[in-house]
Every structure is written in C-alpha cells, then in structure tokens.
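Taken from TrEMBL, the feature domain 'Major facilitator superfamily (MFS) profile' covers 25-444. Positions annotated as transmembrane segment by TrEMBL: 28-51, 71-91, 98-116, 122-145, 157-179, 199-217, 249-275, 287-307, 327-345, 351-374, 395-412, 418-437. Per TrEMBL, region 'Disordered' is recorded for 444-467. Sequence annotations record features per position, and here TrEMBL assigns compositional bias 'Polar residues' to 447-457. According to TrEMBL, the compositional bias 'Basic and acidic residues' annotation covers 458-467.
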C-alpha cells in the first residue's frame, strides 16, 4: 500500500528537478542571447574599419570628391549622435525588443544598400541610416548586461561589450585590406567590386541576426521598464547645463578627449589612402601594419594608463585630479610630438612607429580623463554630464574629423593637406590642457582637506569650478 509519506517526497524531487531544468534552460537562453547580442555589435562595426580600408576602391567605383569621402565617415557619427539624444525616451515608451529587432534589420538593409550603391547620394543616405540605427543596440547593451549578467561575470560581460567595437573595426579593416589586394585579380571584378563583398556580407549577416531576434523570448532581452526617458535638451536642464559649463575641469577634459578622438578618427579614416597616394607605400602592407598597430597601441595605452593612474593614487579628489591631469599633459606632449613627426616621415616603417606612439600615448590618457569627467561633477549631474560629453565626442571628435579634413582636401586639392590638418589639430590640446590644469589647481584652495570625514559632501562642494 502506498502512503502519502512515500508520494510527497517523490513529487518534491520531481518539482526540484523540473525547477533545476527550467533554471538551466533559462541560463542557456540568456547566454545564447548575450552571445548573439555581442555578435551583432561586432558585425555592426565592421563598416567602421571596412570603409576606410576600401576608400580607394570606393572612390574609383563611384568617383567621390574629397569632401564626399569625408562625409562617408562623418554622417555615421552624426546619426549616432542624433539617436543618442532620443534613445532614452524611445526605449522608455516603446517595446525594447521590437525596437532592437527593427533597428538591427534596418541597419542590415542600409549596410546592404551601401554595398550595392552606385551613386554618391545612395552611399551617403545609407551611411546616415547605419549611424541612426546603430546607436540603439549600442546604448542598450550596458542595460542588458546590468540586467541579465551573472554577478560573478558582470565585469567580463561588460568587457566583451566594450571590446565588440574595436574587434569589429579590426575585422572590417582586415577584410577591406584583403578586398583591396583582390582589386585587380579577383574574378568577381566584372560582377562585383571586391570592396563591396565584405560590406555586403555584413549587411546580410545583420539581416539574419535581426530575423533570429524575432524568435528571442522577450523575457531574455527585457526585464520590465529598464530605461528612463533620460536627460533631454529641454529648459528644465538649463541649470544643469550652466553648472557643467562653469565646471572648468569637466569642460576642458571633455575638450581634450574630443581633440584626441578627432585625431584618432582622422588617422584611422585617411591613413591608408595617405600612405598609398602620398608616401607610395604598398596598400596591403599598409593595411596589415595598421591593423596590428591599432590592435596593440590603444589597448596597451589604456592598460598602461589605468595602471599608472592607480599607482599614483587614482583620479578622485582635487589633488588626485590635478596629478592625473599633469600625467595626461606629459602623455599629450608625447602624442603631439608623434603627430608632428608623421608629417615629416616618408617611409611606411617610420610612420607606423610614430602612429603607434601616438595611439599608445593617447590611449593612456583615456582611463584617467574618463574618470575625471565623472568624478569632477556632483553625483546628481553625472548622468547628464556623461550625455553631454558623449555628444561632444560624437560631433566634435568622430564626425568633425573626416568632415573637416575632407573639406581641406577639397579646397587644396591635395590629400596630404587634409591629413596634415588632422595631425595639426592635436596642437589644440596644448591650450586645452593648460586651461584644465588651471581649473584643477584653482579647486585646491577652496576644497576641504582630503582627511575630511565626509568625502561625499566634499565632492559635492568641489563639483563646480570656474573655467
């Protein structure tokens, strides 16, 4: 005879087994979703390396002017900047899953259209759409990680998200270099220009990812209302904006990083055509060398800069901020010297060594300067300050660089003039650094001692400084 005492434990075991099975399945689905998400971020950035590496082939196919070449690089970042302003409200009021799926599909369609485009207007319009749609998965990625990453792996997941962009750029650059090497010998030459192939594959893969996104259960991508409307450029933000503008450390650090991103973006965009047309270097050797340098220089610089900042006591607090800015000033001088040296170098080896120094030294300033952007403002303004600084980087760094240098090339009819304008832009960091150091030093007398018992209050008091 079967008793209740024999049945209940058996049922409990089945229940626990079912729960473990469901938990395991949910975990597998979450990991699969994350893997797909990171893959989308990698693939979406392939064009950022593929277009600069293929610029010579694109120019031959579509007969672009120098200015139009610059616009190809600029319109993407203008689109990203515009979407960054509205992404918060869009995610807050619309369905997150369907927004991400739609943006991925449209991004893939725009990438495909660019790869098949035969006219300047089609290329520019498709690049603009790529930028507008690309911003949404990029902006939501940290939210996804914060919501779904296992606590023990949250940092690893965030690191993978941050690495997606440079990995995609490097893959795109390598693919562009390979396509360039096939420019004359490829059997596809009579059917499809070789430079179009990697960009076409990028678009197709994004379309496939978007289609698979339709099948992802919403619970593995969204957990409730995960984003607030975010800081909008409305009158209620006027006081916050005035507070940031009056904060000299924040303003000049933002200016300095915008200058750095201007120079790095311009070099990345133009270096292949500059070295092949002006220095007369082999395009394949140029591309392979730059892939290696861009993979090691900035990464090594960021690691070194983070280690150096920690070694010297961090960047939080008025004295540490001043010390970090002094170290960044030394690194900036080294980067500027490398920029000037590139202008006089006439061999591939010398140019690449100097570019490596530039990328390493510039990358070494990023950890401390990025931290200072946050720590130099009161906690209540940090989200808003981050939005303002990112907008500055996109407009005055990434977008302005190819646009302005392309304009200089168009006016002078010389490739070298536009490239030199990118390198000379680094000189603007001299006054920006000087003003930043002045603002940081002026904080010292009016800030409480570092031994204060309430550092949070002290930080709030020291958040604003005169420019």
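Cβ atoms here come from the backbone N, Cα and C positions, even for glycine.
The transmembrane segment (249-275) and the transmembrane segment (287-307) are in contact, since at least 3 Cβ pairs between them lie under 8 Å (pairs 6 or more apart in sequence). Two recorded stretches are said to be in contact when at least 3 C-beta pairs lie under 8 angstroms, sequence spacing 6 or more; the transmembrane segment (287-307) and the transmembrane segment (122-145) fall short of this definition.
The stretch from 28-51, 199-217, 418-437 that makes the most Cβ contacts under 8 Å with the transmembrane segment (395-412) is 418-437. Simply put, out of 98-116, 122-145, 157-179, 351-374, 157-179 has the most Cβ pairs sitting under 8 Å from the transmembrane segment (28-51). In the predicted structure, the domain 'Major facilitator superfamily (MFS) profile' (25-444) carries a mean pLDDT of 85. The largest share of C-beta pairs under 8 angstroms with the transmembrane segment (351-374) comes from 327-345, of the ranges 71-91, 98-116, 157-179, 327-345. Scored by C-beta pairs under 8 angstroms, the transmembrane segment (71-91) has its highest count with 122-145, from the stretches 98-116, 122-145, 199-217, 418-437. In terms of C-beta pairs under 8 Å, the stretch of 98-116, 122-145, 199-217 lying closest in packing to the transmembrane segment (157-179) is 122-145.
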